[in-house]
Amino acid sequence: MAWSPPATFSLFLLLLGQPPPSRPQSLGTTKLRLVGPESKPEEGRLEVLHQGQWGTVCDDSFALQEATVACRQLGFEAALTWAHSAKYGQGEGPIWLDNVRCVGTESSLDQCGSNGWGVSDCSHSEDVGVICHPRRHRGYLSETVSNALGPQGRRLEEVRLKPILASAKQHSPVTEGAVEVKYEGHWRQVCDQGWTMNNSRVVCGMLGFPSEVPVDSHYYRKVWDLKMRDPKSRLKSLTNKNSFWIHQVTCLGTEPHMANCQVQVAPVRGKLQPACPGGMHAVVSCVAGPRFRPPKTKPQRKGSRAEELRLRLRSGAQVGEGRVEVLVNRQWGTVCDHRWNLISASVVCRQLGFGSAREALFGARLGQGLGPIHLSEVRCRGYERTLSDCPALEGSQNGCQHENDAAVRCNVPNMGFQNQVRLAGGRIPEEGLLEVQVEVNGVPRWGSVCSENWGLTEAMVACRQLGLGFAIHAHKETWYWSGMPRAQEVVMSGVRCSGTELALQQCQRHGPVHCSHGGGRFLAGVSCMDSAPDLVMNAQLVQETAYLEDRPLSQLYCAHEENCLSKSADHMDWPYGYRRLLRFSTQIYNLGRTDFRPKTGRESWVWHQCHRHYHSIEVFTHYDLLTLNGSKVAEGHKASFCLEDTNCPTGLQRRYACANFGEQGVTVGCWDTYRHDIDCQWVDITDVGPGNYIFQVIVNPHYEVAESDFSNNMIQCRCKYDGHRVWLHNCHTGNSYPASAELSLEQEQRLRNNLI
């Protein structure tokens, strides 16, 4: 059963000299935090940070306008009410503010009138609390893990596991070992006295692991005792120093960071009392998520795999981050950021096989989704196995929009892959010739990558491995970049990635290296970026606008010249006869975080005299009619003759227009509409017989321009044609059906090329 700490637990921690997990923000000049129930980040005792020390606010003269200023400064939209007489427990330390008087328009509490800092006749029984509206303010972007141990500025900087067993040392990532904490720049070990599985859970979560298992403490005790008796070991002399130890740690198991636990660095009596009398270092054993396990480990239980498939992250630049999407009633949808916090975000991360959350993001920080908003006001306690176990409202109940889509950044294990790849020769750190480290005859060696078959999918894996986000270009010629002198040899060729790999070393590649053009100027390179566009089509519009037209050949000369008709049109008696066209409109949104721009500049665009326009992308969309088993019976394509902002939401300026040889592209948040009545906006079905089919539209089919998510570039509809009329129904984006029906990027590519 999950347990949520009561409000009095915060007081309990303060009495022990350790502040509870808090939510300090600095939108104004003074930091505020609310100390209260962990499941409700929008309410609690109001505390102010002044001169490096947290203190409280007296409830004298405090009213709704003062609460409103405080809530806005904390990142919430407004205040609901305030609470007097220490409803959320009595604080400790100074009472910094008394008789606070705000107009209600101030941006921070220190802009309001008061008696002055520390001038008060109140006691802590008059500490004020506030209750804010759970909806976040637009300017409030995320809740980030704090590693601060208290107002003195001391920090638990890092945590690591020091492997003890020989088998653990060979394991990557390291999942078992002694807990070491970096405190004030020095590594310390943690005393095992009072150590619990809750503590282990927090440590494993920080290291990117979703769960923990007990260790054989008796065996580790024997190893410890042997080292203590060894006269050559320095361990005995080190353990006598209190600076070697963290005295005691007590966690609930729901904290995102050990610094949020009750941490006692030294004993109460200081140097007079040993920090770990008769004890040893705490040992932890973690369980890695499926993506981070060695290939030989046992497969995951079917049940846990099904649970994972009901949840996914989208549009993240790194592994373990993205917009949160859940599967409800066979349709993917998003989660609203109202009441979204690190505890709920950690449940998401652990469910997906990562560790705890290091950041909970608000306000569609990682892009807006499409379709329904399934959940809002998610209130996890921290021990839930899945997000569906947490209480929540339906997203439609409180007016959420996609501009409120929640996202997460999770802790992920250190696999060491980032040390096996590097860029050389680029003008900026995000571009260059790609160099990788592989084993050659058992010896690690740096070298280059052959650019044969090198494409955007492979470049995406490389940029993610480098920690640089998305690939915007996959370079096949890199003669203008000089590599490292000792890495000239080609050590990797025939690289073929599916797009889900953590490193290029996990992709398929040639056994013996075979680079037909010998490398040289034809070596692989990349240009990376931390954000990318994301094109998504309006499936409903396609379904509602489809119709048939018998168009005379006399009106199709230009379309024929641009290969927009089936091959049989070549053998007709022009200009006599007609072609039967399935026409429809498309509306393409850019839901990403950067503008969608053609791969090439205006100087490379191709002029088409017949239609008198420029093609900035030769094939921008594919239109196909397939049999129910995937065989193509009719096709069409659309060049981006006019890639522009047809419409933008209120308050957003159109930036791209094709008139007068203007710049082409689609601005973030805007959409480009291709009406049904323009040339080539069709599929030529003249040669197709009556029957049931699949109608398919794919935007950016050749991955010419990088996107944060290619899985939503395809829409499919069921199509019924009786020889005279056509019906499109059940239109959906490629990823709006159950995850079990989703295809890998490689499988999607085969479908698009009709190779199934």
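Backbone N, Cα and C atoms are what each Cβ position is placed from, and that goes for glycine too.
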Task: Member of Cys336, Cys497, Cys507 annotated by TrEMBL as disulfide partner of Cys400 - done: Cys336
- [ ] Choose one of Cys497, Cys528: the cysteine that TrEMBL connects to Cys507 by a disulfide bond.
- [x] Cys497
Task: Most crowded position, judged by CB atoms within 10 A, among Cys58, Cys132, Cys251, Cys507 as disulfide-bonded residues - done: Cys132
Task: Cβ neighbour count (within 10 Å, all chains shown) around Cys261 (disulfide bond) - done: 24
Open item on the list: Mean pLDDT across the domain 'SRCR' (421-529), rounded to an integer, is what?
Closed with: 90
Open item on the list: Which one is it: of the disulfide-bonded residues Cys102, Cys410, which Cβ has the fewest other Cβ atoms within 10 Å in this structure?
Closed with: Cys102
Task: seg_contact(the domain 'SRCR' (32-133), the domain 'SRCR' (421-529)) with at least 3 CB pairs under 8 angstroms, min sep 6 - done: no
Open item on the list: For a quick check of packing: other C-beta atoms within 10 Å of the C-beta of Cys400 (disulfide bond), how many?
Closed with: 23
TODO: Count up the helix, strand and coil residues in the domain 'SRCR' (421-529) according to DSSP, in that order.
DONE: 17 helix, 39 strand, 53 coil
